[in-house]
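Here's the structure we're looking at; comments come further down.
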Amino acid sequence: MLDIVKCSLLLLFCTKCINCSLGDSFPSYRECVTDCRGNMCDTDGNGYQRAVYYQPFESLRWRCENECRYLCMWQTLVIFENKGWKTPQFHGKWPFLRFLIFQEPASMIFSLMNFVTNFILYKRLTTHFRASSSMYLVYVILSLVAMNCWLWSTLFHSRDTPFFETMDYLCAFSLNQYFFSIVFYRIFIVSRSNLIKFLFTSACLLFYVNHAWYLTTRDFDYTYNMTANIVFATTSIVLTLLWSYLNWRTLPHVQNLLVVSGLLALGGFFEITDFPPMLWILDSHSLFHLVTVPIPLFLYKFAYHDSK
């Protein structure tokens with residue numbers, strides 16, 4: 001009978017923690033959060049009971065429960081370090097040291113830098129690029145899609161909320177898919193009839209709408225989203241490398257496209273490695289954002305010479 005009770009309790013614990021990370025499933029962390037909520041937070045965990053905690057920028061302060069999680073995370077990390085255990089994740093994320101109101105300062109800054117370089121791409125395209133070029137509108141839309149993507153990335157890494165997270169994932173995929181579409185369009189579609197161009201564009205739009213609908217009308221499928229991103233990114237890089245290899249003699253400007261592919265591959269490597277943040281600030285994901293910063297500048301060089 002006792003064994004049955006033990007198994008039932010274990011099953012209940014596993015059911016509760018099936019989506020947990022090691023850090024937030026640790027008993028000391030859970031006890032700390034429970035005690036903190038009882039001492040600091042109101043009933044819903046959003047506000048504070050009394051003037052027990054003061055933050056500047058009152059309207060931008062952290063939810064009380066999130067503040068408890070943050071404080072208890074560091075207490076739990078001390079336990080792990082003292083025992084010589086590896087750094088755990090908490091709620092699916094590595095522990096980061098906040099800076100002012102920013103949750104992941106390195107990724108936030110690098111995302112903002114990506115926004116700036118894509119804005120530079122947009123300005124150069126609209127100022128120096130031939131508007132009559134068959135690829136002009138394609139590249140202008142790319143710069144707009146990219147700026148939208150990096151805006152949401154900046155917001156998400158500043159403050160992790162469910163809405164910001166969803167927008168970050170959806171807009172990141174939109175950029176990934178659109179870049180693939182550009183590569184495919186430039187290699188196979190640009191010289192085809194308007195009907196073929198229309199059908200290709202429609203297929204791309206329908207795929208994205210279906211992707212977004214699938215992810216937002218049920219529990220977010222992180223595995224599917226990651227798989228879709230890997231497939232599109234890998235296909236884009238492979239197509240770019242093959243096309244550049246076949247045309248480097250007649251189109252010397254493809255060297256800029258090779259740099260773009262190399263930076264994307266390097267960024268993908270950082271995404272896959274997924275190591276804990278150095279100094280609690282710089283992790284593999286932030287380095288992915290860093291290496292993508294110069295991509296729009298090389299892409300413009302390719303696009304400018306390719307239009308001639």
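Just so it is clear, glycine is given a Cβ too, placed from its N, Cα and C backbone atoms.
Taken verbatim from TrEMBL:
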- 1-23: signal peptide (SIGNAL)
- 105-122: transmembrane segment (TRANSMEM)
- 134-155: transmembrane segment (TRANSMEM)
- 167-188: transmembrane segment (TRANSMEM)
- 195-214: transmembrane segment (TRANSMEM)
- 226-246: transmembrane segment (TRANSMEM)
- 258-281: transmembrane segment (TRANSMEM)
- 287-304: transmembrane segment (TRANSMEM)
Recorded stretch that, among 105-122, 167-188, 195-214, 226-246, has the most CB pairs under 8 Å to the transmembrane segment (287-304): 105-122
Can you tell me which of 105-122, 167-188, 195-214 gets the most C-beta pairs within less than 8 Å of the transmembrane segment (226-246)? 167-188
Contact call for the transmembrane segment (167-188) against the transmembrane segment (105-122), three or more Cβ pairs under 8 Å: no
Sequence-distant residues near the transmembrane segment (195-214) by C-beta distance (under 8 Å, 6 or more away from its ends) are 170, 173-174, 177-178, 181, 184-185, 189, 221, 224, 228
